[in-house]
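What follows is a short report on a single structure.
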Ligand SMILES: Nc1nc(=O)c2c([nH]1)NC[C@@H]1CN(c3ccc(C(=O)N[C@@H](CCC(=O)O)C(=O)O)cc3)C=[N+]21
C-alpha cells in the first residue's frame, strides 16, 4: 500500500523554529547577552554520543555557544556533583543538560535535583516538573520538558487541536510519557488522556478508541497498524537502535509498525518527526532561560 497518512514533518517544523530562535538570539546578543548551552555526558554509549553531538551542531547553527563536559563512565557521584556545581556557577552557561540515562551506579535524581532550576534546559528538575504539576509558569517562568513541548508544538503548527480528543500516551517515562500527560490535560490544550504502560492489560482495546496515539514506549513495532483508527493522529516517539541486517549498521526504529503510514490520517515519521522537535525545544529553553536571566519578556 502507498503512504496515505499526512506527515507531521518534524524536520521542517524544527527548522522553522530554529530560524525564529535565531532572531531572538540576535536580539539577546545586541544587549550583550550570549546564550550558552552546557552538556554533561557520562560514559561512551554511542546513542547518547550521537544525540549530544546533534545538540552541539544545532547550537552552532543558531548562534548559541555550547560547551561539552564529557566524563568517564566510572566517575563517582561526588565528582559528578562537582561538575554540576561548576556549571551552576558558570556565567557563560545560561542553561545545561545532563544526558540521560546515567550509568547505574549514579543517582540520577540526586543529580537533577542539584542543578540550578533556572539553568535546567531539559525541564526535568523537580522544581520545574513541580510547576508543570501545579500548572503555573511554563513557558513564561519555567522550562517545559523538551519532548512533550515539541509534540505540542508539532501538532499546533500542523493545525491540529486536541480539545475533546481521546489521547492515548503509551509509556510513563520521566522524559516523555509522564510529563506529557500533565501538559495535554491543561485547560488550554484540554485533551482527555489515557496513560498506558507495561502493566496495561489490553492495549489494542485502548488503541481502537484513540483519536491520537503518542507512542513513547521504546519497543519497536509494538503499535500495530491494524489496531489504529483510520482517522487516527499518530506520533511515534520511541527510539530503539537496531542493527540493519543488510548493512550491519545501527539504525533507529520507532514503536509504530511502518504499515501505519498507509492506514492512519496523520503520522509523525521516525526519524524526522519528534526527534528534531525535541532538539528545537531544547534550543528554545536555552534562549528562554537567557531571556529570563536578562529580565526580557520571554518570546520577545
Ligand atoms: N537529558 C536528556 N535529555 C534528552 O532530551 C534526552 C536524553 N537525556 N536522553 C535520550 C533522549 C533521546 N533524545 C533524542 C533527541 C533527538 C533525537 C533526534 O533528533 N533524532 C533524529 C535522528 C537522529 C539520528 O539519526 O541520530 C530524528 O528523529 O530524526 C532523538 C532522540 C533526547 N533524549
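Each Cβ is built from the backbone N, Cα and C atoms, and glycine gets one as well.
For 8-122, the entry in TrEMBL reads domain 'Tetrahydrofolate dehydrogenase/cyclohydrolase catalytic'. For 145-293, the entry in TrEMBL reads domain 'Tetrahydrofolate dehydrogenase/cyclohydrolase NAD(P)-binding'. Look at TrEMBL and you will find 171, 172, 173, 239 tagged as NADP(+) binding site.
Checking the binding-site residues 171, 172, 173, 239 against ligand 1, the ones with a C-beta less than 6 Å from an atom of that molecule are 239. Long-range Cβ contacts of residue 172 (NADP(+) binding site) within its own chain (separation 6+, distance under 8 Å): 178, 195, 197. Comparing the binding-site residues 171, 173 on other C-beta atoms within 10 angstroms of each C-beta gives the minimum for 173. For residue 239 (NADP(+) binding site), the Cβ neighbour count at a 10 Å cut-off comes to 19, with all displayed protein chains included. When DSSP labels each residue, the domain 'Tetrahydrofolate dehydrogenase/cyclohydrolase catalytic' (8-122) comes out as 61 helix, 19 strand, 35 coil, counted as helix, strand and coil in that order. Across the annotated binding residues for NADP(+) (171, 172, 173, 239), the two most widely spaced Cα atoms sit 15 Å apart. Counting residues per DSSP class in helix, strand and coil order gives 54 helix, 31 strand, 64 coil for the domain 'Tetrahydrofolate dehydrogenase/cyclohydrolase NAD(P)-binding' (145-293).
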